[in-house]
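K.L.:
Straight out of Swiss-Prot:
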- 1-14: compositional bias 'Basic residues' (COMPBIAS)
- GLY2: N,N,N-trimethylglycine (MOD_RES)
- SER16: phosphoserine (MOD_RES)
- SER22: phosphoserine (MOD_RES)
- SER57: phosphoserine (MOD_RES)
- 1-30: region 'Disordered' (REGION)
- 30-129: region 'H3-like' (REGION)
- 64-105: region 'CATD' (REGION)
Amino acid sequence: MGPRRKPRTPRRRPSSPVPGPSRRSSRPGKRRKFLWLKEIKKLQRSTDLLLRKLPFSRVVREICGKFTRGVDLCWQAQALLALQEAAEAFLVHLFEDAYLLTLHAGRVTIFPKDIQLTRRIRGIEGGLG
């Protein structure tokens with residue numbers, strides 16, 4: 001018979017971490033996976049206006065100038081705010097309906113044809129109803 005082998009004892013891990021890539025950095029997609037969902041939930045909870053006030057007021061004044069033949073009208077801040085609230089509510093409702101059409105078509109991306117069909121279904125006025 002030959003010499004007996006020593007039984008192997010499991011090695012202990014060092015108490016300090018070994019330098020090298022961490023486990024989290026090896027999977028960068030895991031963290032970004034639900035960022036879009038987190039952003040959607042944050043925006044749904046908020047009641048803030050999403051359009052900037054100054055560019056919106058410029059567009060309102062430009063459109064108003066076309067209808068009044070160049071006469072510059074003064075707008076109250078509350079009137080602009082009410083108009084912006086209505087415009088954002090209209091756009092949110094439009095995109096909700098367009099997204100339903102997108103899901104019906106078996107897609108997740110809204111195409112211009114979805115917006116056009118939404119407006120056509122709503123009719124000429126196309127209000128919030």
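The backbone N, Cα and C atoms fix where each Cβ goes, glycine too.
The shown structure was predicted, so the numbers you read here are calculated from the model rather than taken from an experiment.
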K.L.:
List, by number or range, the same-chain residues at least 6 past the region 'CATD' (64-105) whose CB is under 8 A from its CB atoms?
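P.N.:
Distal contacts: 49-51, 53, 56-57, 111, 114-115, 117-119, 121-122, 126-128.
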K.L.:
Return the residues near SER57 (phosphoserine), defined as same-chain residues 6+ apart in sequence whose C-beta is under 8 angstroms from its C-beta, sorted by sequence, else 'none'.
P.N.:
TRP75, LEU80
K.L.:
On the DSSP side of things, how many residues of the region 'CATD' (64-105) fall into helix, strand and coil, could you say?
P.N.:
32 helix, 0 strand, 10 coil
